[in-house]
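Participant: Found this in Swiss-Prot, in case it helps:
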- Cys559, Cys568: [4Fe-4S] cluster binding site (BINDING)
- His654: chlorophyll a B1 binding site (BINDING)
- Met662, Tyr670: chlorophyll a B3 binding site (BINDING)
- Trp671: phylloquinone binding site (BINDING)
- 46-69: transmembrane segment (TRANSMEM)
- 135-158: transmembrane segment (TRANSMEM)
- 175-199: transmembrane segment (TRANSMEM)
- 273-291: transmembrane segment (TRANSMEM)
- 330-353: transmembrane segment (TRANSMEM)
- 369-395: transmembrane segment (TRANSMEM)
- 417-439: transmembrane segment (TRANSMEM)
- 517-535: transmembrane segment (TRANSMEM)
- 575-596: transmembrane segment (TRANSMEM)
- 643-665: transmembrane segment (TRANSMEM)
- 707-727: transmembrane segment (TRANSMEM)
Amino acid sequence: MELRFPRFSQGLAQDPTTRRIWFGIATAHDFESHDDITEERLYQNIFASHFGQLAIIFLWTSGNLFHVAWQGNFESWIQDPLHVRPIAHAIWDPHFGQPAVEAFTRGGAAGPVNIAYSGVYQWWYTIGLRTNEDLYTGALFLLFLSTLSLIGGWLHLQPKWKPSLSWFKNAESRLNHHLSGLFGVSSLAWTGHLVHVAIPASRGEYVRWNNFLDVLPYPQGLGPLLTGQWNLYAQNPDSSNHLFGTTQGAGTAILTLLGGFHPQTQSLWLTDIAHHHLAIAFIFLIAGHMYRTNFGIGHSIKDLLEAHTPPGGRLGRGHKGLYNTINNSIHFQLGLALASLGVITSLVAQHMYSLPSYAFIAQDFTTQAALYTHHQYIAGFIMTGAFAHGAIFFIRDYNPEQNEDNVLARMLDHKEAIISHLSWASLFLGFHTLGLYVHNDVMLAFGTPEKQILIEPIFAQWIQSAHGKTTYGFDILLSSTSGPAFNAGRTLWLPGWLNAVNENSNSLFLTIGPGDFLVHHAIALGLHTTTLILVKGALDARGSKLMPDKKDFGYSFPCDGPGRGGTCDISAWDAFYLAVFWMLNTIGWVTFYWHWKHITLWQGNVSQFNESSTYLMGWLRDYLWLNSSQLINGYNPFGMNSLSVWAWMFLFGHLVWATGFMFLISWRGYWQELIETLAWAHERTPLANLIRWRDKPVALSIVQARLVGLAHFSVGYIFTYAAFLIASTSGKFG
């Protein structure tokens, strides 16, 4: 028989309908379900695909460097980072008329270009790159790494180089190598780069391979390190009037604890950053020697887990059985990795704007907005994925005998209590927050704004005060100049930090009021409800009171026929599917809040946010409508401007989003009938009937149509907001 797609599933390959194609694509990466798969081959395939992933990442970053070097304006941007607009790449579009060519010719370019809102210019400048040649060199190096990764992936699929199953299951060795090798050594190497290349560059000294060994990064070299006088490395830091990239006001320190921001660049001190990375390297290099391998020293993770029995005996057998459960389940490991990565990505979003580490990026408002929004959305998708694979673990890999009465089993035993508590918290947050917003709306509508219910976030203000913010007059801990906490840190690091916290031009500890109180609770509602849906999906994945045998149906199933009182929409997949909508809406509130708060801060009219954010009409009118006006007017009978492309994307995003509903709110039979009518017409139309297809066309399954709908909803939603965000910010601030 001829080989048909998909080769990994003979059952699907013989399917006579178009289901073969769609199910083939859907299960292409579900290696576990493929014909003739063994546990060893599964691990080897995944391992090899990691190299492919790395190759793609290196190729992509290489492309960024290459296009900026070729078509960008890096060298002229460096001369004046605050006023020259950084160019991402040129645009060649045969549809452009003269007005379009003029509108998109910016940043000193000769023709139409795209502006970079990714922050790469600021990053490359901060780490010591200065010329187009530097960028080309970086691009070539990354291209080399990409090729190396591809070769590595291919090599590890060859019989001689395939790692064995025992190698993959050796958790202690992997942890040691990842902690020491991946995090420790790379952090140490990055500290080295900052000290040897980036910090000298920030002081006007150009260090490259040709003079790398001649230029001492510190006047006394390794002397202070070897004699134990480490504090010398912190002496004579850059002064507050230091001009970044020049010798003016430059010091000689390489590892400092200044705190706060460089006055000119509004970013963290490079010497503080180097110090931070050195500390991280130190911690991880030690951490990478903790676990017992073939040397017989260090901890055995299994022993650690088995020894952890909760006190009092009332919480079961603690972590017994967890080692084998985690080590033998790829889905459990992936779930843990995704949960960690999701949290880290969200933390990156929060820290990139509040503690900016790249020179001048804090004054590039559109880039700040784009990076915050980008990282929050990425975090949302990664976190929902963590719960998806947690649910798949419970269905495919969980063994009740191995986990008797341990924490996993007890989570399942207590799932009703967990789910109902989450439900109660979500209901409480939702009704109270909405109640306050709607009450305030009504008061404004009736012309009595003074009757709004406005709650000051006193606990959050108290926390900000404890960290040194004096605005609220709490006089506590670091905001109390006479207290022991304040005096203890004074010589060490406090002056820079306290100045930064109380300087109202940055995003560190923004002043908060009733509008912030309300939107924080709206976001808390979104987070708790998303979590409720995801946790319920995972805890009910194996079975529920309604459907005790759910695990036998797999991760995703539409229904189990008409019986049992209705078993549709209760697969773990359905929970994930619903949670993604909540995740997107929650991040919508998060990004609306962040963006509006910052727009008013940057424009110097914070009172607009403070006054309008306490009722829903304020959000709709003074944030969404007011800031989309330029977009809605992007191209009109009087010509076009550089926002036109965003106006088009705004419309296009709405279109994609709305298309999602066609798949989400429909029934399979309708499509099947429509498809058969279209196929009938096709077969009876001259010329068209010369083209035949081998597979009988059938409608998508219910689950597939939901996936397609969800994809359109998500992509359209994000496209629409991206266009709104970039256009409304760049339209105001350039």
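Placed from the backbone N, Cα and C atoms, the Cβ positions cover glycine too.
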Participant: Going by DSSP, is Cys559 ([4Fe-4S] cluster binding site) sitting in a helix, a strand, or coil?
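Facilitator: Assignment for Cys559 ([4Fe-4S] cluster binding site) reads coil.
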Participant: Cβ-Cβ under 8 Å from Cys559 ([4Fe-4S] cluster binding site), same chain, 6 or more residues apart: which ones?
Facilitator: Gly566, Thr567, Cys568, Asp569
Participant: State the count of C-beta atoms found within 10 angstroms of the C-beta of His654 (chlorophyll a B1 binding site), not counting that atom itself.
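Facilitator: Here the count is 15.
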Participant: Do you know offhand how many angstrom separate Met662 (chlorophyll a B3 binding site) and His654 (chlorophyll a B1 binding site) by C-alpha?
Facilitator: 13
Participant: Distance check, please: Cα of Trp671 (phylloquinone binding site) against Cα of the residue listed as 'chlorophyll a B1 binding site', rounded to an integer number of angstrom.
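Facilitator: The residue listed as 'chlorophyll a B1 binding site' has its Cα 23 Å from the Cα of Trp671 (phylloquinone binding site).
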Participant: By a 10 A CB contact count over all chains shown, which of the binding-site residues listed here is most packed: Tyr670, Trp671?
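Facilitator: Max Cβ neighbours within 10 Å, all protein chains included: Trp671.
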Participant: Given the transmembrane segment (707-727), which of the listed stretches 46-69, 273-291, 417-439, 575-596 has the most Cβ pairs that are under 8 Å apart from it?
Facilitator: 575-596
Participant: Between the residue listed as 'chlorophyll a B1 binding site' and Tyr670 (chlorophyll a B3 binding site), what C-alpha distance do you get in Å?
Facilitator: 25
Participant: Taking the Cβ of Met662 (chlorophyll a B3 binding site) as centre, how many other Cβ atoms lie within 10 Å?
Facilitator: 13
Participant: Which listed range (46-69, 175-199, 273-291, 330-353, 575-596) shows the maximal number of Cβ pairs under 8 Å with respect to the transmembrane segment (517-535)?
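Facilitator: Ranked by Cβ pairs under 8 Å, first place goes to 575-596.
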